[in-house]
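Peer 1: Let me begin by handing over the structure; questions about it come next.
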Amino acid sequence: MPKIVVVGAVAGGATCASQIRRLDKESDIIIFEKDRDMSFANCALPYVIGEVVEDRRYALAYTPEKFYDRKQITVKTYHEVIAINDERQTVSVLNRKTNEQFEESYDKLILSPGASANSLGFESDITFTLRNLEDTDAIDQFIKANQVDKVLVVGAGYVSLEVLENLNERGLHPTLIHRSDKINKLMDADMNQPILDELDKREIPYRLNEEINAINGNEITFKSGKVEHYDMIIEGVGTHPNSKFIESSNIKLDRKGFIPVNDKFETNVPNIYAIGDIATSHYRHVDLPASVPLAWGAHRAASIVAEQIAGNDTIEFKGFLGNNIVKFFDYTFASVGVKPNELKQFDYKMVEVTQGAHANYYPGNSPLHLRVYYDTSNRQILRAAAVGKEGADKRIDVLSMAMMNQLTVDELTEFEVAYAPPYSHPKDLINMIGYKAK
């Protein structure tokens, strides 16, 4: 009976194991997870902190016991894989509760260890990061136990923005600082202005080009010379791949510690796959490498690897489009395609439209800003971005499908919109992009 070992039990690992079991009722499947929880919704965590998700149990899909009862898959939490011997096909495992170590053999090994939150490195009792349900519980318990009011949020990526919004919704008083003036880097810089407008509108303090120099109790000294007091600090300063345990193996890592994979999510070592945040692949629509550490990619990779292991070696990954979205108070920011800083590798043109998300005479209308970049050599779409209070998700998802099928910007005129006054225009913003590009 083949033995399949999975490292990591969150989106990629648990999903892959589940999909393998759906296709293969016989193999012995075991998952090692170094932390407390398995199969939780990472994307729900800011909303648990904000009490928008009222019961944290909604963010937890399975316990190891429930997973075994449903799928006959063994999950061992607090078990950390600390080394791989790919020649003997074994992994070394540390039981973090007992400190005991043991070896486990495998026929197939699936690596989905995810990434860990970066830390600013200050020794402080009031600093927290947010990466898993344990972090969420620690933040929530600290807020309740210490009657927290003033919270400093460090960083301005999508997680920090979601955390800040949810702290505000909970009734706390957050302040945002960021070390540069470049916020929400997946979005075009000039399209991020509504973020600052929303902060101003709600009188939420923020400072760009600001950093922490020192923390002394609740007293924070900043690079600017300011000294302020906060009850709590939440750091959202990026992540790094959990690949340290891989370094002693023959598995190839790139300079940042990620694992390059082929279109079957195979590593350079036979019988070893990598999925989720740790894996790097390529874009679907252009010839560039891509790392997209978001939920869709982990789930798609999990399905492909499961099919491969079950014997369907014809299924392959066609690449990322990098579709992403974030809500910040009343606005939605969404984009798809290459990142803004990757556009310089192409000879491109940009076309944009700003108009109501639906018919102007229908109540509740608000402006939607839609922008498309296309390659001048073949007129295929490289990137699209949308910002507005309504309809950004719909337009970006439609453009994602267009890019998936390599449509040109001119063909957007042929997009047949589902039109009624509450939803769109007879000529949608997507159509107008096509007309303006001609």
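Note that Cβ sites are derived from N, Cα and C of the backbone, with glycine treated the same way.
Below, the features straight out of Swiss-Prot:
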type     : residues                                                 : note
ACT_SITE : CYS43                                                    : active site, redox-active
ACT_SITE : CYS43                                                    : active site, nucleophile
BINDING  : 8-33, 267-277, TYR419                                    : FAD binding site
BINDING  : THR15, GLN19, ARG22, SER39, ASN42, LYS71, HIS299, LYS427 : substrate binding site
BINDING  : 151-166                                                  : NADP(+) binding site
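Have a look at these and tell me how they're positioned relative to everything else.
Peer 2: Cβ contacts within 10 Å of CYS43 (active site, redox-active), excluding its own Cβ and spanning all protein chains shown: 14.
Cβ contacts within 10 Å of SER18 (FAD binding site), excluding its own Cβ and spanning all protein chains shown: 21.
DSSP classifies LYS427 (substrate binding site) as coil under the three-state reduction. Shown in sequence order, VAL417, TYR435 are the residues of the chain, 6+ apart in sequence, with a C-beta less than 8 angstroms from the C-beta of LYS427 (substrate binding site).
For GLU165 (NADP(+) binding site), the same-chain residues that are 6 or more apart in sequence and have a Cβ closer than 8 Å to its Cβ are PRO46, GLY50, LYS327, PHE328, PHE329.
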Peer 1: Let me know the largest Cα to Cα distance in Å among the substrate-binding residues THR15, GLN19, ARG22, SER39, ASN42, LYS71, HIS299, LYS427, as an integer.
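Peer 2: Between the most distant Cα atoms of the substrate site, 49 Å.
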Peer 1: Once the DSSP letters are reduced so that anything not helix or strand counts as coil, what is VAL153 (NADP(+) binding site)?
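Peer 2: Reduced to three states, the DSSP call for VAL153 (NADP(+) binding site) is strand.
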Peer 1: Which whole-number value in Å describes the distance between the Cα atoms of GLN19 (substrate binding site) and VAL159 (NADP(+) binding site)?
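Peer 2: Just about 29 Å between their Cα atoms.
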Peer 1: Which of GLY155, GLY276 has the fewest nearby Cβ atoms, counting only those within 10 Å, among these binding-site residues?
Peer 2: GLY155
Peer 1: For GLY276 (FAD binding site), identify the closest of the recorded positions THR15, ARG22, CYS43, LYS71, HIS299, judging by Cα separation.
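Peer 2: If we rank THR15, ARG22, CYS43, LYS71, HIS299 by Cα distance to GLY276 (FAD binding site), first place goes to HIS299.
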Peer 1: Where does LEU23 (FAD binding site) sit in the DSSP three-state scheme?
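Peer 2: Going by the DSSP assignment, LEU23 (FAD binding site) falls within a helical segment, counted as helix.
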